[in-house]
Amino acid sequence: MDSIQQRRGGIVSLSPAQTPRSSDKSARESRSSESNSTNRNDKEKGVNVQVILRCRPLSEDEARIHTPVVISCNENRREVAATQSIAGKHIDRHFAFDKVFGPASQQKDLYDQAICPIVFEVLEGYNCTIFAYGQTGTGKTYTMEGGARKKNGEFPSDAGVIPRAVKQIFDILEAQGAEYSMKVTFLELYNEEISDLLAPEETIKFVDEKSKKSIALMEDGKGSVFVRGLEEEIVSTANEIYKILEKGSAKRRTAETLLNKQSSRSHSIFSITIHIKENTPEGEEMIKCGKLNLVDLAGSENISRSGAREGRAREAGEINKSLLTLGRVINALVEHSGHIPYRDSKLTRLLRESLGGKTKTCVIATISPSIHCLEETLSTLDYAHRAKNIKNKPEINQKMMKSAVMKDLYSEIDRLKQEVYAAREKNGIYIPKDRYIQEEAEKKAMAEKIERLELQSESKDKRVVDLQELYNSQQILTAELSEKLEKTEKKLEETEHSLFDLEEKYRQANATIKEKEFVISNLLKSEKSLVERAFQLRTELESASSDVSNLFSKIERKDKIEDGNRFLIQKFQSQLTQQLELLHKTVASSVTQQEVQLKHMEEDMESFVSTKSEATEELRDRLSKLKRVYGSGIEALDNIAVKLDGNSQSTFSSLNSEVSKHSHELENVFKGFASEADMLLQDLQSSLNKQEEKLITFAQQQRKAHSRAVDTARSVSKVTVEFFKTLDTHATKLTGIVEEAQTVNHKKLSEFENKFEECAANEERQLLEKVAELLANSNARKKNLVQMAVHDLRESASTRTTTLQHEMSTMQDSTSSIKAEWSIHMEKTESSHHEDTSAVESGKKAMQEVLLNCLEKTEMSAHQWRKAQESLVSLERNNVASVDSIVRGGMDANENLRSQFSTAVSSSLDVFDAANSSLLTSIDHSLQLDNDACTKVNSMIIPCCEDLIELKSDHNHKIIEITENAGKCLLDEYVVDEPSCSTPKKRPIDIPSIESIEELRTPASEELLRAFRDEKLSKQANGDAKQQQQQQQQHLIRASSLYEAAVSDSRYPLSAVN
């Protein structure tokens, strides 16, 4: 009792991985989850229902009789083609689905490609539904449940969607290491009654099964549907679910039909609810809920083909009714109807959320490839193809906090405790009185039944002993008779062979006679039918001939009336011709008048054109004068531009001469510097030569005693030579710098000349458009150009000056370094040769004199370089002043030319304004002439319009007169043929159809013989030979009628026979 209460009420310990609830609480929570869901995924709104099609292979019986296949599946293109024969033509209908699986597909292929993603979405928190739909015997239950489990517990290869989904769910949850709880429900819908397949088996069965109350289907206020009192099994492993599934499937109602040996007679819904615990970043524990509904629908069936009778027929009717309601719901959803008939069936109420609701739905449509099931297959394909267009709006279920779940569970436990206390108040299990009486009666009946079965068992045991003894005696007798039987069989075979030959000959002769009689009877019957039909046709021909004579008389009367009408029409034609000629004359006179007026208008237009040409000539003369005035102004501007060009060229030439003069003066200055430097070097060389002679003499005197002094003197001589070589290289560098500066100046002057010429050319081109503005811009550009050139010259001069200063400083540094080296050398010589002081003093004095002479020469060269620098600076200042004076003179000349140009422009503008005013007066005069010409033309057009109006009125009167004459002739005088009532009325003629004529023809003899032989074989199979001989004539007549109905389409036409 406690285990039953634990399963029903869900009273278990509240571990983190298990949060079970009772059935009522589950329904309330599911409704709350649907109404309060806030975690919506915008991408999943408006998702179409996924439709998968699966075609089963041919059964063994179908393959044995070679049943034609009318369904072809293209899995790559996801398309199904159904071959249908209409009016003798084969027509293929194509249907496209989300996934297509042909007869060769396996359970694993279907699950991996179509169902596996749906299971992942369930674990993400969605509600998903998978249901199989199709005709009975097409494999719905096999697809959903698969084959039976193996005894060793291995997972079967042909497992269906439900066991594979369960296995995948547990594998994923175990791999993630998640804390979860799972519960399942399994219900059955049979004859519109819901029963729980997981309800516990009670020890006492109900006497009448109909007295068992079905489970109630309830709705909340928000449109959701839930089943009250449904059992929920809490599971923790996949094997538990497999056992529950086997137990529930065993309780389902199944029966054998002609189409399926084990056909499901009810709909089943297997639901799996999963609660998964998650931890938020804030550390709170949340419960995520997902639900998977796996629906196995009962198949629609044709009662005539399934062989259902009585109770089974009622079951089939209820199944077809619920599936028909499902089809109506699908049609209404696809057509967006205002009313969806969910409440017409409990099946559609249960699937309400799956069709157009918040659930992700997958439909597996199963079909048969056999031609015998083509009608049901096409119906399934149409409904499945329509279901593709249903749009659901799936939403993720709201995550619940663990504390809220535990609070609800505690309140549920308190409620169940109160119910248990109320039930056990009276020291035992309390049950109703009626139930107790019923159970006692059933116990008594059960005891009586057990006694009766025991008696039957004893009697059957005695009978078994007797039968065993009889069996032993029969075995001995069988062994004796078997030998006799073998001998008798050999004789029998010989006799049978001879008898078979005689019977075969007799049968052939008798069959030939009967066949001839059958053919003759059919020929006589056809002859009689032909004679009767010929008499009928003769009667129809006589009545038709009388009708033809009456028609000829009517045609003669109509000819007379037509002759009178033809004369009347000719008379009307002559009158109409006369009136049209009169109308033509009137129109011709009006046209001549208009031609005269047009001639007058033409003359006026010619005078207008001559006046207009004179005014045009006058305008042309004025324009030529204006052109001459404009040309004179342009010539004046050209003269000013020429003067400006001359002034610019003179300015540039003076500037060029000044620059060349500056370069010549600079060259002369550097030549003077070079000559002075050469003289200085020559003096130094001569002094050095003298010093060398003195040193040689001194060395010869002191060679023996002072060899080290000679070496030192040689080193001094080397240093001095190097110094003068350095001085020579610096002088060479100075000469190169001067030449480089000269070339740079020439290059910049040439660039300045090119820029000046380009600027002058541009100004000359632009002076004609914007003279005043461009003159100011020209002066500014020229001033900038000259300033830039002067600036460049200054920079080059300053650069050269700095270069010269650098060379001078380098020379001074080298001189000072040599001086320092010399002093060091003297100190060393003085310290090392102290003992030779007397001899060295004379040489020292001479060397001091030479050194002083060298210092004087050095100071003199430094003075010369300073003078050169000062002269360069003064030359630069003079050059800048001269260039500034030249530029100022050019700017003053350009200013004078600009004033002259502005006066010339103003005078040209005055002349142009005067010419423009005179041109405007001439244009006004021309416009006045145009207005005068328009008034004259209007004065001519007005009388023309009046004449046209008068002509229009006369033309209308003539037309009215012609219309009256036509009506009088064609309506009053025209004779109409009156009916004489002698014309034969239309009556239906009994024309024999081609089918009736074909029915009169006797079938071919081969066909008659074939039908006769078939009828004879069927009668022989029934073993009624005597009755066949007595009723031979009746059988022949029946075989003839059957033959005519069978071969009516293949008869020859009667014309071909004749």
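Glycine is treated like the rest: Cβ placed from N, Cα and C.
Annotated features, as they stand in Swiss-Prot:
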- 1-43: region 'Disordered' (REGION)
- 22-32: compositional bias 'Basic and acidic residues' (COMPBIAS)
- 48-390: domain 'Kinesin motor' (DOMAIN)
- G134, Q135, T136, G137, T138, G139, K140, T141: ATP binding site (BINDING)
- 438-517: coiled coil (COILED)
Neighbour count first, Cβ atoms within 10 Å, every protein chain included; then name which of G134, G137, G139 tops the list of binding-site residues.
G134
What's the number of neighbouring CB atoms sitting within 10 A of the CB on Q135 (ATP binding site)?
26
What count of other C-beta atoms do you get within 10 angstroms of the C-beta of T138 (ATP binding site), across all chains shown?
28
Using a 10 Å cut-off on CB atoms, tell me which of the binding-site residues T136, T141 is the least crowded.
T141
Using a 10 Å cut-off, grab the number of neighbouring Cβ atoms around the Cβ of K140 (ATP binding site), all chains included.
26
Express the predicted model's confidence over the domain 'Kinesin motor' (48-390) as a mean pLDDT, rounded to an integer.
82
